[in-house]
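Asker: I have a structure here, written as structure tokens, and I will follow up with some questions on it.
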Amino acid sequence: MNKTHSEEYINNSNLLDFTFKNLKYSIQTSKGTQEIIKGVDGIFPNSQVTAILGSSGAGKTTLLNILSKRIANSKKSQLEGEVLVNGKPYTADTFSTFANYVMQDDLLTETMTVRECLQFAVNLKNKGAKTNKNEIVNDVITQLKLEKCQNTQIGGQFVKGISGGERKRTSIGFELICDPQSLFLDEPTSGLDSFTAYILMDRLRNFAHKKNRTVVLTIHQPSADIWSMLDRIILMVDGKFIYQGEGGNSIQNYFSKQGFKCPVLTNPADYYMSIMDQEKKINQINCPIYYKNYDKLIKENVLSEIKFSSQVEFNPSTSQVPTYMQFYYIVKRTILIQTRSPILFKAKLGQVISLAIFLGLIYYQLPNGQDDPYNVVDVRNKNGFLFFLSTGAFLESMNAACLSIPIERQVFLREENSKLYKIFPYYFAKLFVDLIADFIIPIIFCAIAYWMIGLRNDISAFLFFVLVMIVLQFTGIAAGYFEGCLFKDPNLAFGVAQLIAMPFFPFSGYYKNSGDLASWISWVQYLSPFNYAYQAFVRNEYEETYFIPNPIQSENIEFTKWEAVGYLALMFLGYLILGFYFLYRSKKNLQ
């Protein structure tokens, strides 16, 4: 972004001041009510870098989460106080239109490169031309010194990728890419070496000063160089403020007058962290003094700053691209991720071909009853194969799909919360890619196994057989999505998926004739996808047969083949709706 364009943007942008008064937050524990934030007032002014410092458990991240609307009242928590931006209240949804939040954990897609991650963000947040988007990505890469690793995958548990510092800068670049009016960061320098931390803070300071943006961050123990970059400092002890105001000489003069003078050649941040350490008895004694002096010497000034803070009306960003474009870019990313691991698709394809040949050899050319129409064993063998497909195809699809959402759940929650996209296009874009991939598999399987096994020699019967296989696998995918959206942990989702499927086996119509089920329990068969698939397969196979009696009657097949596949399709839709509902609910549990 060239200088002229940047200056023009600043002149037309709104300056945001975040203010809060008498902010209190408490949670209910087994030991009673625990106060986390204890009636604090404050301001995060525009064009400045505000840093919140304090020991672990002081309430830094909680304060940041309250201001970013990630914490709200619930049965187990109580939030009180006034939180405003430019004198106006805001919600979690509106917050994301003028501010971005960089969480402490760098949640990025492991198999994408740095450039691809940034390009994905700018595509979804910027309606400009492709050339302009590329310029924005190049600008962010240059600002954050990511040139050397821009074409390297992020990496993770199974993929070797960029360093921790590069990952942190990429995570920040992911939020900076849309040029937010304000930026909240939780421990942005955590885990970084001093040089990388300095570069990062320098970029954040430039972002605040040159673009008149509001930058707020929590930080544990900054170096002396980083300390000098902080415009405004808030010191927190046990949920309360002991200082709020300018850094540099102002904070040192304030504490010196109280008898807490920072020693010469000592990093001020280290010194102030030491006097806030609640594990030291002397600090526990001094805390009431800190609080008393804050209320006496600082609080009125802060309330005055709040009173005269910016009240200018501002227009939240509406740069999010249309839903159909969100769908397109998420599909594009999902395909990219899957093609980065082509061995998985090849392995699945090889497995399907091998299984088709294996089953074809086991059930090779099963008799059709023409020579021995009363042979019950031949009927049982053929029905055994049809039942195997009814369960195996469903379970194979479900087991793979139930991991699809959980393994990238945190990335989704982070991106959705940043309003990169809506839940609808995300859910159905992922589903679309999975359905397309699984559309090919049953066709290949059926083309091999159907004719080897010697099922009904009719092209229309073969095509219907393929249709049932496709609908069955799609239903398995939808069931996997439902279970994956229901549980956060991939292992739990996979385990529970098996438990949910197991009770449906006895109600498939194969192990026990559905007509012999007790009336009080027979209704369960109508919840079993195996039952509908098995009935469709049996109807299709024995519409024309030499076997006596016709297995359609002996197996007590209730539905026509089209009714059976129709009910299976309805189960597909039902699982999809349930999955979407639970994914929608999960976004409320980001914190």
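Note that Cβ sites are derived from N, Cα and C of the backbone, with glycine treated the same way.
Annotation comment: TrEMBL describes 18-263 as domain 'ABC transporter'. TrEMBL lists 343-364, 384-407, 428-453, 459-480, 492-511, 564-584 with the feature transmembrane segment.
Could you place the listed features in the three-dimensional structure?
Answerer: Listed as Cβ neighbours of the transmembrane segment (428-453) (distance under 8 Å, sequence separation of 6 or more from its ends, same chain) are residues 326-327, 330-331, 334-335, 338, 345, 348-349, 352-353, 355-357, 359-361, 363-366, 385, 393, 397, 401, 404-405, 462, 465-466, 469-470, 472-474, 477-478, 481, 576.
Within its own chain, the transmembrane segment (459-480) is flanked in space by residues 389-390, 393-404, 431, 434-435, 438-439, 441-443, 445-446, 450, 497, 500-501, 529, 533, 536-537, 540-541, 543, 561, 565, 568-569, 571-576, 579, which lie at least six positions past its ends and keep a Cβ under 8 Å from the stretch.
With a cut-off of 8 Å between Cβ atoms, the residues of this chain six or more beyond the transmembrane segment (564-584) that come close are 405, 423-424, 427, 431, 464, 467-468, 471-472, 474-475, 478-479, 481-482, 484-486, 529, 532-533, 535-536, 539.
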